[in-house]
Amino acid sequence: MERIVTPAEMFEDGNSELSLRPQKINEYIGQDKVKERLNIFIKAARNRKEALDHVLLYGPPGLGKTTLANIIAKEMTGDLKITSGPAIERAGDLAAILTTLKDYDVLFIDEIHRLNRSVEEILYPAMEDYALDIVIGKGAAAKSIRLDLPKFTLIGATTRIGMLTSPLRDRFGVLCAMEYYDETQLKEIVIRSAAVFGCKITEEGALEIASRSRGTPRIANRLLKRVRDYSEVKSNKVISLKEARDALELLEVDNQGFDKVDNKILEAIIDNFNGGPVGIETLSYFIGEELGTIEDVYEPYLLQKGFIVRTPRGRIASDKAYKHLGRVNNKNNNSNKGQTSFFK
């Protein structure tokens, strides 16, 4: 069963995300620095009747990269074609996509860091010269033919910018870091989404959902749908603070946006390992979750929020973790020191 607070896209998100997506850049909530830069670059490109420079969007999942790509395509009056790194297995697959593009179209490649090298090399002349180099024949008889491509924009999206090769990364003219949303921005998103869904919600109810959404619009919209279900069954015409809080408690999403496993990890470190340090393999065995799942799914948000600290000796629970669980930290260790980045 998938976690309701996962930032990754779930099957149920598909149709609702399409209906909730803003269509213009001025309708897009949050990411103000990214919006301002893109707005200027888009207007400049349109004035010169040129394609927008290739754009790389990087940051955690669920923050609106696909939505931004859709907006850019509309602002440039082009069509959006969506694919992903894992879906493009051979160079011929990418060549087939590139040859269907028209001027000002946008090609969006999600998880672009997962492109294999032979496919990636096809992109180099396509991005630099709007050209596609095709080799015909084999051996001594082989010859290369260059096909002209339309003036398109490539938008790459990645959650792991460090995994991109330098030649690919350097070919993007615009790099945009997507950041987590604050509660005020998420509250606006929840209120807007509620209007699209046709349900009424108070500002307090929207803020309660926003505060448990882990800084991620995708999670906020998913929680709103479940709170709406709860409110309708309880015959409440408006989602108030009480309805939102009761529904989220039923879903076992606490006031930090943590679910059962998040809290289980904190409890294990504090109650069973005296606050740490504890090795990730030991922790994995103790809570019954795969090591990779802890590192990729659960740990990043706990690190980002400062509830655990990663050190060379293992994971340590911070003072925030003790306070969150209502425990007293009697251990004389400085839990605020250590490696807090989950990108290393």
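Cβ coordinates come from backbone N, Cα and C, glycine included.
Quick look at what Swiss-Prot annotates:
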REGION    1-181  region 'Large ATPase domain (RuvB-L)'
BINDING   LEU20, ARG21, GLY62, LYS65, THR66, THR67, GLU128, ASP129, TYR130, ARG171, TYR181, ARG218  ATP binding site
BINDING   THR66  Mg(2+) binding site
REGION    182-252  region 'Small ATPAse domain (RuvB-S)'
REGION    255-344  region 'Head domain (RuvB-H)'
BINDING   ARG310, ARG315  DNA binding site
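Cβ packing within 10 Å was compared across the binding-site residues ARG310, ARG315, and the lowest neighbour count falls to ARG310. Counting neighbouring Cβ atoms within 10 Å of each of the binding-site residues (TYR130, TYR181), the lowest count belongs to TYR130. Here the Cα atom of TYR130 (ATP binding site) is found 45 Å from that of ARG310 (DNA binding site). Sequence-distant contacts of THR66 (ATP binding site), defined as residues of its own chain at least six apart whose C-beta falls under 8 angstroms from its C-beta, comprise ILE82, PHE108, ASP110, ALA157.
When the alpha carbons of GLY62 (ATP binding site) and ARG315 (DNA binding site) are compared, the span between them is 26 angstrom. Summarised by DSSP class, the composition of the region 'Head domain (RuvB-H)' (255-344) is 42 helix, 10 strand, 38 coil. Following the DSSP three-state reduction, the secondary structure of GLY62 (ATP binding site) is coil.
Of all the Cβ atoms in the protein chains shown, 27 others lie within 10 Å of the Cβ of GLY62 (ATP binding site).
Residues LEU20, ARG21, GLY62, LYS65, THR66, THR67, GLU128, ASP129, TYR130, ARG171, TYR181, ARG218 are listed as the ATP binders, and the farthest two of them sit 37 Å apart at their Cα atoms. In this structure the alpha carbons, written CA, of LEU20 (ATP binding site) and ARG310 (DNA binding site) are 37 Å apart. When the binding-site residues LEU20, GLU128 are compared by the number of other C-beta atoms lying within 10 angstroms of their own C-beta, GLU128 comes out lowest. Note: the CA-CA distance between ARG315 (DNA binding site) and TYR181 (ATP binding site) rounds to 26 Å.
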